[in-house]
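First the structure, in the form of structure tokens, and then the observations on it.
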Amino acid sequence: MAGCILLLRGFILTLILHQVELSVFLPAPKANNVLRRWRRGSSYFLEEIFQGNLEKECYEEVCNYEEAREVFENDVITDEFWRQYGGGSPCVSQPCLNNGTCEDHIRSYSCTCSPGYEGKTCAMAKNECHLERTDGCQHFCHPGQSSYMCSCAKGYKLGKDQKSCGPSDKCACGALTSEHIRMTKSSQSQPSFPWQVRLTNSEGEDFCAGVLLQEDFVLTTAKCSLLHSNISVKANVDQRIRIKSTHVHMRYDEESGENDVSLLQLEEPLQCPSSGLPVCVPERDFAEHVLIPGTEGLLSGWMLNGTHLATTPMLLSVTQADGEECGQTLNVTVTTRTSCEKGSVVMGPWVEGSVVTREHKGTWFLTGILGSPPPPGQSQMLLLTAVPRYSMWFKQIMK
């Protein structure tokens, strides 16, 4: 009996060992599958050498943000991919700035901003001016203590929303009236702006251009204002107004041409809008960060026909040009008080006092005035005096 029991125990032990062998050693096909698997832990050195593979990293397996970054090697492209990647969390890239809190959604995210910040990614401080604001100031923006503040150009007032600007009188600057637009469309000649004027000497000869900044003040170049002692302003064919006083910029340098600006005060104001309309002078920050970059301007004025001004005003579309390139092309020094504009054609003999204006949300602003005519037939570029840099001086003289 004892022998039978021992024999039975041996048989059971043999079966157990056989099952253990089957569970430890896999059949050949399964074993081969194991051998063919990509062993990430043992291939770390190779993965660091070669750029990541998107299919292997993020589609055969679920990847993290760092692995996706290895594939694209570019933060912007990686963030865009990560927002669309089904297996990833958009919040991993920490899109919410200034200690904002990120919340994941299906293929998107939202930010809860810290106090004092706003915007999709909490990038904008509520008390600062930002170009990205779609609901910001129509004209000028100023940082405040708890919120930014808006202001308007001369002749406008803030709307109820404290952001929009509406004309408050008939001489509101840079606002083309329906009457002027109708006259422009019916004219057979090139269109002109109601703020453009010509300077005339005592013999009735036109010699320079200017621009109306206020109903009783005209901006021209210092050089033009000093050419004759008896100057009149011609706003249209029938009306000529004599100059009461001339205000040349105190730092005008005749030799270098620096600060080549002058304000001419009229003996009597022009009648708005029938005889003319002022153009708006932009604040410096608004001009240099909002108005000018990447926008198209209009060069307007008259060209020289021999030694005389042509009778028909001209217009030419221009864009801001690189200062270094402009300086090399024109062989001039571009300073903080000058700017360059580039046209689509070679510049003709534009007369001194011709101007560049830009339209912003229905209002026209003055950004440059021409001090010297360009070299004939040589370049598409012009060097102008940067008008916004003198806005405070204008206010002091015209107050």
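Quick reminder: no glycine exception, Cβ is built from N, Cα and C everywhere.
Annotation in Swiss-Prot places CYS96 in a disulphide bond whose other cysteine, of CYS111, CYS113, is CYS111. When the candidates CYS150, CYS152, CYS173 are compared with Swiss-Prot, only one is recorded as disulfide-bonded to CYS165, and it is CYS152. Within the set CYS113, CYS137, Swiss-Prot assigns CYS113 as the partner of CYS122, by disulphide bond. In three-state terms derived from DSSP, CYS165 (disulfide bond) belongs to an extended strand segment. Comparing the modified residues GLU66, GLU67, GLU73 by how many other C-beta atoms lie within 10 angstroms of each C-beta, the top residue is GLU67. Residues near CYS326 (disulfide bond) in space but far in sequence (CB under 8 A, at least 6 apart, same chain), listed by position: VAL332, VAL334, CYS340, LYS342, MET381, LEU383. Cα to Cα, GLU67 (4-carboxyglutamate) and GLU73 (4-carboxyglutamate) are separated by 10 Å. Here CYS113 (disulfide bond) is positioned 55 angstrom away from CYS224 (disulfide bond), judged by their C-alpha atoms.
Cβ neighbours within 10 Å of GLU70 (4-carboxyglutamate), excluding its own Cβ and spanning all shown chains: 18. Within its own chain, CYS91 (disulfide bond) has CYS102, GLU103, ASP104, TYR109 as residues 6 or more apart in sequence whose C-beta sits under 8 angstroms from its own.
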